[in-house]
C-alpha cells in the first residue's frame with residue numbers, strides 16, 4: 001500500500017490537497033472561458049437573435065447543472081474520492097467500459113483544446129505584432145506558434161494544479177478583461193444604420209448548416225467539465241467538511257464570471273455588427289489600435305493558463321501509465337521528458353494544421369457535448385437511480401436528449417464546413 005500511496009503523492013492530480021475554494025473559482029473560469037468566447041458573436045450571427053439567445057441561456061443552465069452533478073458525485077462513496085473523470089466513469093459503468101467511455105472523449109477534448117490553444121496563442125501573438133508594428137516585415141504564423149509553445153516547455157514542469165494557481169489566476173483575470181474589451185469596444189463603436197441581422201448564408205441549406213455548426217461553437221465554449229473532478233481533487237476533504245462545499249462555492253463564482261464574459265460579449269457585439277462580424281470578434285474591431293493590441297496580448301496570457309489547466313490531467317494520465325503500468329521510477333527526468341514530448345507534439349500539430357480551429361466545431365459536437373452536456377446525467381441516473389418521471393429523472397433525460405441532439409447536429413454542421421473550407425486549408429502557413 002505504501003508504494004501506491006507514495007506514487008499518488010507524486011502524481012499531479014493527487015499530490016497536493018491544500019487548495020482553497022477560490023482556487024476552484026479561477027481554475028474553473030480558466031477552464032471554461034476559453035478563447036471560445038471570441039467566436040460567440042459569430043455563432044450568434046449564424047443562429048439569429050431568438051435561437052441564439054435561447055441556445056446561450058440553455059447551455060449556461062444545463063452545463064451549470066451537470067457541473068453541480070459532477071461535484072456532488074466526487075465523494076458519493078464514503079471514504080473514497082473520484083479524483084479523475086474516468087474513475088467516476090468506471091464507478092458508473094464498470095472497470096473496463098468506464099475507461100473506454102470516458103478516456104477517449106476526455107483525451108480528445110483536452111489534447112484538442114491544447115492544440116487549438118497553441119494555434120490561438122500563436123495567432124494572438126501575430127495579431128499583436130501586426131497591430132503594434134504594421135510596417136514591420138510579416139512573420140509566418142509558424143514562428144509565433146513556436147514562440148508561444150516555448151513558454152510551455154518551462155511551465156509544463158510545474159508539478160501540480162496548486163503550483164499553477166498563479167498562472168491560472170492571471171488567465172482568469174485576462175479572460176474577463178478581453179471579453180469586456182470585446183463588448184466595450186462594440187458599444188463605443190455604436191450600431192450603424194446599415195446593420196443587418198439576416199443570416200449570412202444566401203441559401204436556406206447554407207443557413208441551416210451554418211446554424212448547426214454554430215451549435216458546435218457554443219458547445220466548445222463550455223468545456224470546463226473535463227477537468228472539474230481533477231480540480232476538486234486538490235481541495236482538502238473530511239467527513240465533517242466535504243470538498244463539495246468549497247468546490248461549489250468556487251463553481252458558482254466561476255459561473256457568474258462566465259455569464260459576465262459570455263452574454264455581453266456575444267449579444268452586444270452581435271447587436272453592433274450584425275452578420276458582418278468575424279469568427280473572432282477582436283479581428284472585427286480595428287480601433288483603437290492600442291486597445292486591440294492589449295486585448296490580443298490578454299488572449300495570449302489567458303491561453304497560456306488555459307493550456308496548462310487542460311494539460312495537467314493529460315500529464316497525470318501519461319505519468320500514471322508510465323509509473324503504474326510500465327513500472328518507471330517516479331523522478332524529475334521522467335516528468336521532464338514525458339511532458340516536453342507532449343508539448344512538442346501539440347506544438348507540431350498546431351504548426352502543421354493551423355486551421356485546426358475550424359475542425360474544433362466538429363470536435364465540439366463530437367466530444368465536448370457528451371462530456372459536458374449529458375455524460376454526467378447518464379452517470380447520475382445509473383448511480384442514484386432517481387424515481388421515474390420525478391424531477392431529477394425528468395431533468396436528466398431532458399439534458400441527455402438535448403445533449404445528444406447537439407452532438408449529432410453540431411457534428412454534421414461542422415463536417416460540412418470542413419469540407420467546404422478544405423480547398424483553402426494551408427499546411428504550415
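Each Cβ is built from the backbone N, Cα and C atoms, and glycine gets one as well.
Per TrEMBL, the range carrying the annotation transmembrane segment out of 139-155, 275-291 is 139-155. Contact count against the transmembrane segment (293-315) (Cβ pairs under 8 Å) is highest for 139-155, out of 139-155, 205-229, 336-356, 362-383, 395-419. Under 8 Å from some Cβ of the transmembrane segment (49-68) lie the Cβ atoms of residues 40, 43, 197, 211, 214-215, 218-219, 221-222, 224-225, 228, 248, 251, 255, 258-259, 262-263, 266-267, 270, 372-374, 376-377, 395, 399, 402-403, all in the same chain and six or more residues away from its ends.
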